[in-house]
Structure formats: structure tokens, C-alpha cells
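Features of the protein shown, as given by Swiss-Prot:
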DOMAIN    198-361  domain 'Hflx-type G'
BINDING   204-211, 229-233, 251-254, 317-320, 339-341  GTP binding site
BINDING   SER211, THR231  Mg(2+) binding site
Amino acid sequence: MYDTGQEAPRCILVGRKTGREETSSLPELSLLVEELGYIPETILSFPLRTPERKFLFGPGQAEVVAREARMRGIELVVFDEDLTPAQQRNWEHLVKSRVMDRTEVIIEIFSRHARTKQAQLQTEKARLEYLLPRLRGAWSHLDRQRGGARGTRGEGERQIELDRRMILSRLARIRREMEAIERHQTTTRSRRLEAGIPRVSLVGYTNAGKSSLFTRLTGQAVRIQDRPFVTLDTTTRTCLIPGWGRVVVSDTVGFIQHLPHTLVDAFHATLEEVRDAHLLLEVVDLSSPNLLLHLSTTEEVLTEIGAHHIPRIRVYNKADRSSPHPLLPPSDHPEILVSAKTGEGIEGLLSLIVREMERHYPIETLELPYHRLGESHEVLSRAVIIHQEYTDVGLFVRYAPSVPSVHE
């Protein structure tokens with residue numbers, strides 16, 4: 001949250017009572033609304049066995065929220081659940097203040113952090129698709145003011161139709177621009193595939209320290225802040241892994257619990273970098289009290305985007321913040337504790353990357369006398385050279401044959 005010198009507006013958070021604090025996403029929602037500049041003054045949670053059509057929650061629970069909002073003079077009510085357009089309108093009429101659901105909060109944060117043309121297009125697409133079914137509530141006050149005779153179209157209805165056409169037209173232009181960017185990215189990825197260079201993608205929950213680890217591995221500084229969703233664009237760099245050779249490392253957008261499907265769809269091109277990886281570094285915030293929830297959410301998102309089968313190393317980051325270290329859950333993947341901030345464990349991580357690459361993409365050797373050096377080009381033109389040495393008798397090379405795509 002930014003300090004503007006003015007008192008931040010206050011809000012109420014409303015969510016589902018889970019019975020287990022570690023599975024509740026309300027604390028995370030509190031951090032998200034703070035990122036938008038609001039102060040969560042009250043958090044209300046209710047059991048939700050059967051969703052109600054009008055308010056999602058029951059009428060008695062709705063009255064509790066409305067009474068709390070009136071008593072405290074609240075400017076915003078935020079729901080940790082997705083609301084239908086009708087439910088959102090009903091709540092706004094009841095509490096007489098702005099109402100947002102979790103999806104809208106996340107889309108708004110994405111919009112504020114989008115820096116590149118692609119990220120701006122992706123977030124605008126998600127925002128417009130979210131807004132489209134909610135146009136009715138935006139102009140209904142015009143029809144109420146004018147009354148409107150039966151069988152005639154009111155001013156509000158005409159405005160809705162005009163807005164709908166404008167949004168659909170804008171969405172069509174956005175899709176065309178995104179397709180042009182994606183074609184260029186596909187060409188770039190194809191060239192890397194042809195070069196046979198292995199690709200390593202950093203994935204994990206938002207604010208786990210992926211960008212800090214990316215900087216530590218590649219030596220290339222990227223935008224790093226202790227805030228959610230600072231990274232929305234995929235940043236890719238080639239780096240040299242001792243004992244292996246060149247790899248392409250990618251820093252990707254962070255995951256979050258209940259990641260809106262509109263954003264998964266809008267960012268599908270960005271997430272292609274994850275699906276095309278040969279090895280994933282699953283970065284986990286070791287100091288987070290919600291570590292287990294972050295692990296399960298990451299697994300869900302990787303499954304949703306079709307990347308759960310890719311070889312993976314679980315990297316518990318921020319080891320410098322966690323003492324003593326918590327008891328870690330069992331894992332099917334190799335794991336290591338590191339601190340991207342201090343460098344602790346990074347050498348061990350590099351060794352683990354080499355071990356996993358060799359396990360999945362075996363190393364071969366080539367020995368050629370000097371009079372046959374011309375034959376090396378055919379073998380090594382698409383290989384990953386790990387070690388090359390000219391000896392007294394000829395050329396000695398350790399290499400990985402052209403690393404196949406994970407989809408091959």
C-alpha cells in the first residue's frame with residue numbers, strides 16, 4: 001500500500017467460515033485489499049452450506065454485514081467468494097457502498113502492476129470479460145429516474161447495449177493484438193527449441209521470492225518488491241550452470257489461491273513458458289504460515305495448465321527468515337532449502353539442477369581424432385555442450401543431445 005499522507009479508506013471483508021484457520025483465504029484477501037490502498041477494519045465469516053440466490057449468504061447474515069457497514073461508515077465491502085452480477089447488485093443496494101469480489105480485487109491488482117504491452121492487454125481482456133455481464137447494474141438508475149413505459153427501451157437499456165458493443169469491439173481488437181504478440185513469442189520459443197537448450201521455469205505462489213532467485217541464478221536484475229503480483233511478464237535469460245552448460249531460465253507470474261479463470265485464460269501465452277519447460281523450480285516461501293496451502297494451490301494451478309508432469313525441484317526459499325525451520329511435508333520431488341537473499345544453498349541448488357537434468361536427459365561423450373573433426377558438426381550442431389577439451393590426440397566432448405520438447 002502506498003503512503004499518500006491521507007487516511008486510507010476502510011473496508012469490510014466477508015468470507016466463508018471453513019473451521020480451519022490454515023485453509024482460510026481471508027487473511028490473504030486482507031493483504032490483497034491493502035495492496036489496493038484499503039484498510040480492512042472488520043472481517044466477517046459465515047458458514048456457507050447452500051449458497052443463496054439473492055446474496056450468496058442467508059438474509060440474516062446479509063443483514064449483519066449491512067448493519068456493520070452502516071455503523072462503521074464503510075466505503076467498500078469485499079467478498080472472498082465470487083459473486084454473480086445479480087448478487088453484486090443486490091449487495092450494493094443493501095449496503096449502499098461499493099462491493100467487490102475476490103476476482104475483481106485480483107484483476108485490479110494485475111491492472112495496476114501491468115508494465116508491458118502484453119501484460120496490459122492480458123489484464124484489460126480479463127477486466128472487460130468480468131465487466132461485460134455486469135453492465136446492467138451500471139445504468140439501471142437511468143431507467144428508474146425516467147420511469148419508462150412498458151414495451152419501450154429506456155435510456156439505461158440503450159446505454160447498456162452501446163457499452164456492450166464497445167466492449168465486444170475492444171475485446172476483438174485486444175485478441176488480434178495478443179495473437180500478433182503470441183506469434184512472435186512462438187517463433188522465439190521455436191528457435192530455442194531448435195537450439196536444443198534446456199529450459200528451466202521458476203513457478204510458485206505469488207511473493208515466494210521467484211524474482212530474487214531468478215536474479216541470483218542469472219545475475220540479471222529484475223523488478224523485486226515484497227508485494228503480490230509484481231511480476232506479470234515472463235522474463236527469460238540464458239545462464240551457465242556449472243557442470244552442465246547453458247540453460248534458459250524463466251521467471252513467471254505467481255500463483256494464488258482461487259486464481260480467477262479469466263486471468264488463467266488471459267495469461268495462457270505467458271504460462272506457455274511453464275508448459276514448455278524441461279525442469280520446474282517450484283519456489284516456496286519457507287517462512288509463510290500458509291506453506292501447505294501454497295503448496296496445494298501451486299499443484300492445482302500446474303495441473304490446470306497441464307504442467308504437473310514436468311520434472312520438478314521444490315526450492316524452499318527465505319531460509320534466512322525461518323528459524324527453526326518448520327517440519328516439511330513429504331514430497332515426490334527432490335527439495336532443497338535456500339535463501340535467494342543471502343546465497344545460502346544456491347550451490348547445492350545448482351548441483352541439484354545438474355543431477356536432475358542428467359537424470360532426465362542423459363549425458364553422452366564424443367572422442368574424435370583431429371583428422372575427423374569435421375564429423376563433430378553433424379553430432380553437436382543441436383547438442384548442449386557440457387565440456388569440450390582438445391587433447392593431444394583429438395577432441396573430447398561431454399554433451400547432451402538436443403534436448404527434446406516435453407511434449408515430444
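Cβ coordinates are placed from backbone N, Cα and C, and glycine is handled just like the others.
Sequence features annotated in Swiss-Prot and their locations in the structure.
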{"residue": "GLY204", "record": "GTP binding site", "DSSP class": "strand"}
{"residue": "LYS210", "record": "GTP binding site", "DSSP class": "helix"}
{"residue": "VAL253", "record": "GTP binding site", "DSSP class": "coil"}
{"residue": "LYS318", "record": "GTP binding site", "DSSP class": "coil"}
{"residue": "SER339", "record": "GTP binding site", "DSSP class": "coil"}
Between GLY204 (GTP binding site) and SER211 (Mg(2+) binding site), how many Å separate their Cα atoms?
11
To the nearest Å, how far is the Cα of SER211 (Mg(2+) binding site) from the Cα of LYS318 (GTP binding site)?
12
Indicate the candidate from LYS210, LYS318 with the smallest number of other Cβ atoms within 10 Å of its Cβ, considering only these binding-site residues.
LYS318
